[in-house]
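Noted in Swiss-Prot for the protein shown:
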- 1-21: transmembrane segment (TRANSMEM)
- 34-54: transmembrane segment (TRANSMEM)
- 61-80: transmembrane segment (TRANSMEM)
- 84-106: transmembrane segment (TRANSMEM)
- 118-138: transmembrane segment (TRANSMEM)
- 156-176: transmembrane segment (TRANSMEM)
- 211-231: transmembrane segment (TRANSMEM)
Amino acid sequence: PIAGSMVLAAILLKLGGYGIIRMVQILPTTKTDLFIPFIVLALWGATLANLTCLQQTDLKSLIAYSSISHMGLVVAAVIIQSPWGLSGAMALMIAHGFTSSALFCLANTTYERTHTRILILTRGFHNILPMATTWWLLTNLMNIATPPTMNFTSELLIVSTLFNWCPTTIIMLGLSMLITTTYSLHMFLSTQMGSPMLNYQTEPSHSREHLLMILHIIPLLMISMKPELVI
């Protein structure tokens, strides 16, 4: 069910991040060198989750692994225990909560019309539902953290934190962000471009679907314009 996926990605996964933030506060702040293995594992896990996204043929699986990769960055930033790291982690959890929920919503919009989640079978939607293509583009741009969105602000804070802590981490961070951009564009092009593979009668997009997307994107853009509300 799509509602379960949206709640899981937007709220429950972030509750785990909140739990990590509360737990880290009781750890010694001066001994961050002890946490090197955990930070390396978090960054490596984010990179592996991104690589797994590139291999997915199922749309919902791709979005789910995308959420996991972003949580790897959150964990790495939280463990360092700097003010910028905590602010970036909080901002990324909020921003990605909106983004991943919107992506699941769009995936369901596609599934209701094609009755399949296989990427190659859902192509050609820019000719059929041009407004939905606009939502896909906006949401994917947010997913790859383009400015001036909240995703960009949060990832910039996390990158600054990790680079100040250890400049070598920029290698894994850069690789992770490059792969994120690759699979996001792959997802957009696979679902929207080309000619439709299946011969089916497609009903037009409904007002409720546009309203759902507006309720995801407008709050995120408003928070992006005034990030001090959450940072």
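Backbone N, Cα and C atoms are what each Cβ position is placed from, and that goes for glycine too.
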Selected stretch (most C-beta pairs under 8 A with the transmembrane segment (1-21)) from 34-54, 84-106, 118-138, 156-176, 211-231: 84-106
Long-range neighbours of the transmembrane segment (118-138), counting only residues six or more past its ends (CB under 8 A): 56-59, 62, 102, 106, 109-110, 187-188, 190-198, 202, 204-205, 209-210, 213, 217
